[in-house]
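The ADP binding site annotation in Swiss-Prot covers Gly153, Val154, Ser155, Arg156, Thr157, Ser158, Lys159, Thr160, and the record cites sequence analysis as its basis.
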Amino acid sequence: MTNDTERLVVYIVSDSVGETAELVVKAAVSQFSGSNVELRRIPYVEDKGTIQEVVQIARKAKALIAFTLVVPEIRDFLLESAKAANVETVDIIGPVLSKITDLTNAKPRYEPGLIYRLDEDYFRKVEAIEFAVKYDDGRDPRGIILADIVLIGVSRTSKTPLSQYLAHKRLKVANVPLVPEVEPPEELFKISSKKCIGLKISPEKLNSIRTERLKALGLKSEANYANIDRIKEELEYAKKVMDRVNCPVIDVSNKAVEETANLISSMFQRN
């Protein structure tokens with residue numbers, strides 16, 4: 001692309017979702033400043049009729065076809081059809097399959113979508129991340145029952161970032177804020193105390209964190225949220241709830257999120 005006005009349409013054809021091809025094309029496009037490229041994904045292409053339609057559309061639009069087709073018959077048909085129609089193509093996965101075959105003498109399975117069917121961990125991770133968002137900050141007490149781990153503590157004890165971090169370890173985490181004026185959900189006392197983790201913090205550390213939070217929001221640091229007496233009241237209340245739940249407690253005063261998450265993960269595995 002020699003100037004900013006040239007426009008290119010790229011049809012991304014795949015016998016699966018098409019995410020792999022799209023990511024590769026996006027990575028390539030990012031190398032061209034001022035480029036005008038439109039990506040159009042066409043997933044789950046498994047028949048020659050669809051390929052013929054795409055090739056003709058691409059011919060009229062003077063477009064490029066980038067594809068990931070693992071079935072040789074379908075891949076060859078696309079290449080032949082595109083060549084006959086003078087449509088440019090990029091085979092993203094074919095050369096890699098051929099090279100691996102040459103170097104290992106192993107034969108591909110030629111099954112579309114295997115990366116998604118085999119990668120169960122990927123889906124568990126996505127499910128856990130969605131769970132953490134849905135049951136963040138005590139917004140739905142049903143999450144307490146469904147969760148692998150429940151985090152409880154006062155505001156600014158890293159409950160949300162911990163929930164997200166642990167979700168990437170495929171753990172479903174709900175978190176519940178403890179506030180003196182709000183009765184904790186009854187579900188908290190129905191679950192095993194072993195799957196509940198209390199987070200405590202020193203008053204001074206929490207005061208510092210909340211003061212910085214208020215500054216970031218453009219609010220006065222004298223607000224009750226960062227008042228040391230109020231903080232002590234909240235922490236005392238939280239301790240009573242944790243004692244009542246009889247759950248293990250982690251002091252997060254001087255711990256990074258990663259360190260605390262690893263501790264929680266280890267405790268969960270032991271249980």
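Keep in mind that glycine also has a Cβ here, set from the backbone N, Cα and C atoms.
Comparing the binding-site residues Ser155, Thr157, Ser158, Thr160 by how many other C-beta atoms lie within 10 angstroms of each C-beta, the top residue is Thr157. Residues near Arg156 (ADP binding site) in space but far in sequence (CB under 8 A, at least 6 apart, same chain), listed by position: Ile201, Leu206, Ile209, Arg210, Arg213. Secondary structure at Thr160 (ADP binding site), as computed by DSSP, is helix. For the recorded site, Gly153 (ADP binding site), the DSSP three-state label reads strand. The Cβ of Val154 (ADP binding site) lies under 8 Å from the Cβ of Pro177, Leu178, Val179, Ile201, Leu206, Ile231, Glu234, Leu235, Ala238, each on the same chain and at least six residues away in sequence. The Cβ of Gly153 (ADP binding site) has 27 neighbouring Cβ atoms from other residues within 10 Å, across all protein chains displayed.
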